[in-house]
Amino acid sequence: MGFVNWFKRHLVVLAGLVTLGYLLLPNIVVTVFSFNKPKGRFNYEWQQFSLDAWKDPCGVADMCGSLSVSLQIAVWATIGATVLGTMIAFALVRYRFRARGAVNSLIFLPMAMPEVVMAASLLTLFLNMGAQLGFWTILIAHIMFCLSFVVTAVKARVMSMDPRLEQAAQDLYAGPLQTFLRVTLPIAAPGIAAGALLAFALSFDDFIITNFNAGSTVTFPMFVWGSAQRGTPVQINVIGTTMFVLAVLFVLLSMAVGNRRNRRKA
Amino acid sequence: MTTDNSGDVRLSGIGKTYGSFTAVHPLDLTVPQGSFFALLGASGCGKTTTLRMIAGLEEPSSGTVHLGDQDVTRLPPYKRPVNTVFQSYALFPHLDIFENVAFGLRRRGIKSVKKQVEDMLDLVQLGEQARKKPHQLSGGQQQRVAVARALINHPKVLLLDEPLGALDLKLRRQMQLELKRIQTEVGITFIHVTHDQEEAMTMADTVAVMNAGRVEQLGSPTDLYENPQTTFVANFLGTSNLIEAEVDSRSGDRISLKAGGGKLTLPEARCSASATAGGKILVGVRPEKISLTHADDAGDIPEGRNRISGRIADSSFIGVSTQYVVDSPVCPEFEVYAQNIDRDPRLVPGAEVVLHWNPAHTFGLDAAQDIDAGVETVQPEEGVAA
């Protein structure tokens, strides 16, 4: 009986732990196998512990090149989508203009559309325009599909913002630029940051749209896809683990900063 | 400082329309330097719009705004020597109390702000809270931060937009006195917008009563209360008993009136309407000026007092006073507030009574207005922001 009661009382915690395990198990496997020393070309069976891959992460031909391409595209796509998306979000919340409702719904379209369809249409568009497929076409495509997510994230934040705060700033001798930099931007920052993070993750990760519009350029997801058919070097796991650890560190860091600011929304 | 008029606010023909809706009819208003001025009215009467036009947050459709001799009508808010305490305080949530208060100084490029900010926080008794964020403070403390943040800039004029609306009754009373103290201390012109007549009367030297985009009457609280010029003012500020009466005759400075079967006397000086024999006017008297005597003792009432007879319909005991509602032929719900000094046990509902008061406490109004104007808002719901 004691056990049943204990189980009842801790059911929520147990369910939470099981779900967390379900979410993290793949990451653990990736991490463990980054220390493997496989026989043959495929890293699918545990053989023995080794630090070889960690000592030489760029030891596989072309892999670090593709990683660098992916990172560059992700950074530029994030910047482009965040700047444009923030401006669109402010326009949609703050101003009343013709076709505002239509723009509001059109913004969501890229999120709802199957990626494969969008990829194929984009390719058609680029080919018809005679554009050279490569870095730039990938970047344009990424900015395009990241925009909707940034707009959604920033809009939610701007909508909950009291317009009187900006009036108060103006009343206290802040001109339009100062008002924007000192009041509007800092208050909207959490929304903008969330949008930017989302854009970075989406862009770095994207395979389908990229694959259609890449021409001869190879991004990291494309490299992994390609090598999965020929053999998976352990270095892929090393990069995967590094990305995972960096993401966790980033989240922890932002939580620490948030706590230090005493959670302004409490 | 006393001869300086740079803190005068002069509104000339200032008005605001939104499409076909007129929020503020063109009005002229002068608020002298160093005074505590209140704009009083129900929600939607145009008082906040008027305030925002002075702040520069709203562009007037007509007229000009002068501060002292300077025309500021076209100046943006950040170039006007005017600061506002907003209704919801509008404190910057991402800045601590110190930085909120320092905001205006820093924007004007003042480098050493520490001493000034600390002094100002001491003035509003928040020295200990400097490093807290706005949401960590109580409503009353946030309100004081908003006042400090505005005052530290030594504005020519401080505008207060229903600054006490969000506070509970007790705290509001306390803050009324606090604001009045600060105003006396710093000597800056305060313009205060409120829908609470008691607040306006407690704090302000001069009150402008606004109704439907117009200033109905302007004067000191006593003047407005004792000599209302319109039924709106008579009913909005406190309670008035209004009786329709016919002018009988005039002799010297007294006007004799007929109301119901009885006669009333009204000093000419207190009649804002033109009283010609045979014409109608509205006669008003405040509930606390009236004495109540049981009909059996009617003979003891001194000569020369205005009297009306009736029957007590209702009475409620409030502690310091008793409020009676008397049903009389001239006015179905005559209100009387009697101090509980010597309570006559015969004064219970159903008793026949005589109401009487000194004629000097009677005022006369133009009969061609709505007798119930402003009546609905006599008891504004406590704590509800306009």
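Including glycine, each Cβ sits where the backbone N, Cα and C put it.
Features reported for this protein in TrEMBL:
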- A:67-257: domain 'ABC transmembrane type-1' (DOMAIN)
- A:12-35: transmembrane segment (TRANSMEM)
- A:73-93: transmembrane segment (TRANSMEM)
- A:105-127: transmembrane segment (TRANSMEM)
- A:133-154: transmembrane segment (TRANSMEM)
- A:183-204: transmembrane segment (TRANSMEM)
- A:234-257: transmembrane segment (TRANSMEM)
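Residues 43, 46, 49-51, 53-54, 234, 237-238, 240-241, 244 of the same chain sit 6 or more residues outside the transmembrane segment (A:12-35) yet have a Cβ under 8 Å from a Cβ within it. With a cut-off of 8 Å between Cβ atoms, the residues of this chain six or more beyond the transmembrane segment (A:183-204) that come close are 70-71, 73-75, 77-78, 81-82, 85-86, 89, 142, 145-146, 149-158, 161, 165-166, 168-169, 174, 220, 254. Beyond its flanks by at least six residues, the transmembrane segment (A:73-93) meets 100, 103-104, 107, 135, 138-139, 142-143, 146-151, 153-155, 158-159, 188, 191-192, 195-196, 199-200, 203-204, 219 of its own chain at Cβ-Cβ distances under 8 Å. Counting same-chain residues at least six beyond the ends of the transmembrane segment (A:133-154), those with a Cβ under 8 angstroms from any Cβ of the stretch are 69, 72-74, 76-78, 80-82, 84-86, 88-90, 92, 107-111, 115, 118-119, 122-123, 126, 188, 191-192, 194-196, 198-199, 202-203, 206, 209-210, 213-217, 219.
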